[in-house]
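**Q** So that we are looking at the same thing, I have put the structure below in structure tokens.
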């Protein structure tokens, strides 16, 4: 049984590593294309600002999380050199929280930009949203930074209280009951995840309703099929994103539930889904953006040509 658990853990590490490097490459592609456009145009629109921020934070999150996971398997004692573990946990929470919130905000942004409602508050948001984007991104960074600081302090206090010191106090050996010390973090993080998920859900439903109503009006008025296809494609993209976001939300909640339990199979499966989300969602963002899609297809066609020549 121990051999099976070890074998499954090794397989999951290999899968997670592949997902990590694929997700990093995809997000580097998004950041590179947007930065090149920034250099040419000397400015960025609101959608590009959100994608640039999301690409950078996802790249950093994948890097930090993978290094943490790799060290915890290959050389776990290195994590108990003060303050290595505290820094890893706090930075991961900071970046993860930021990713979740900006992903939800991207859904809200698309809803405000694309949906068509006559409500006065909705019209006001549609007019002001471009000015609000930089401040909302800054707010998400500051709020995530506060979460990271709180996580660092709680983790440091728990370790200092519950660790046995060796090697003149430089290296620690953990003997912590997680649920006793980290319940406030679980509550705050869970509340943040639930709030962002509700914002994404509400925005998705509003946007789907608006697109469905617009599609029905076009059918009634016998509009062009090309416009109809565009709206159907938009509805499919939004629905795909929402399904992926829902799976990611469930995995995040399960992470909080199973963190204090030593169930290797469950934790490995959750990790596989969590590491897959940044890459798959970024692919959806690429193929829902004409500029990014054109660049990606151009790169893939060149790679295909080189393979055929060889």
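In case you wondered, yes, glycine gets a Cβ from its N, Cα and C as well.
As listed in TrEMBL for this protein:
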{"type": "TRANSMEM", "residues": "20-39", "note": "transmembrane segment"}
{"type": "TRANSMEM", "residues": "51-74", "note": "transmembrane segment"}
{"type": "TRANSMEM", "residues": "94-112", "note": "transmembrane segment"}
{"type": "TRANSMEM", "residues": "133-154", "note": "transmembrane segment"}
{"type": "TRANSMEM", "residues": "182-209", "note": "transmembrane segment"}
{"type": "TRANSMEM", "residues": "238-258", "note": "transmembrane segment"}
{"type": "TRANSMEM", "residues": "264-287", "note": "transmembrane segment"}
**Q** So if I exclude everything within five residues of the ends of the transmembrane segment (264-287), which remaining residues of that chain have a CB under 8 angstroms from its CBs? That is, six or more out.
**A** 5, 8-9, 12, 15-16, 19-20, 22-23, 26-27, 29-30, 51, 54-55, 58, 61-62, 65-66, 69, 99, 103, 237, 240-241, 244-245, 247-248, 251-252, 254-255, 258, 293, 296
**Q** Spell out yes or no: are there three or more C-beta pairs under 8 angstroms between the transmembrane segment (238-258) and the transmembrane segment (133-154), with each pair 6 or more apart in sequence?
**A** no
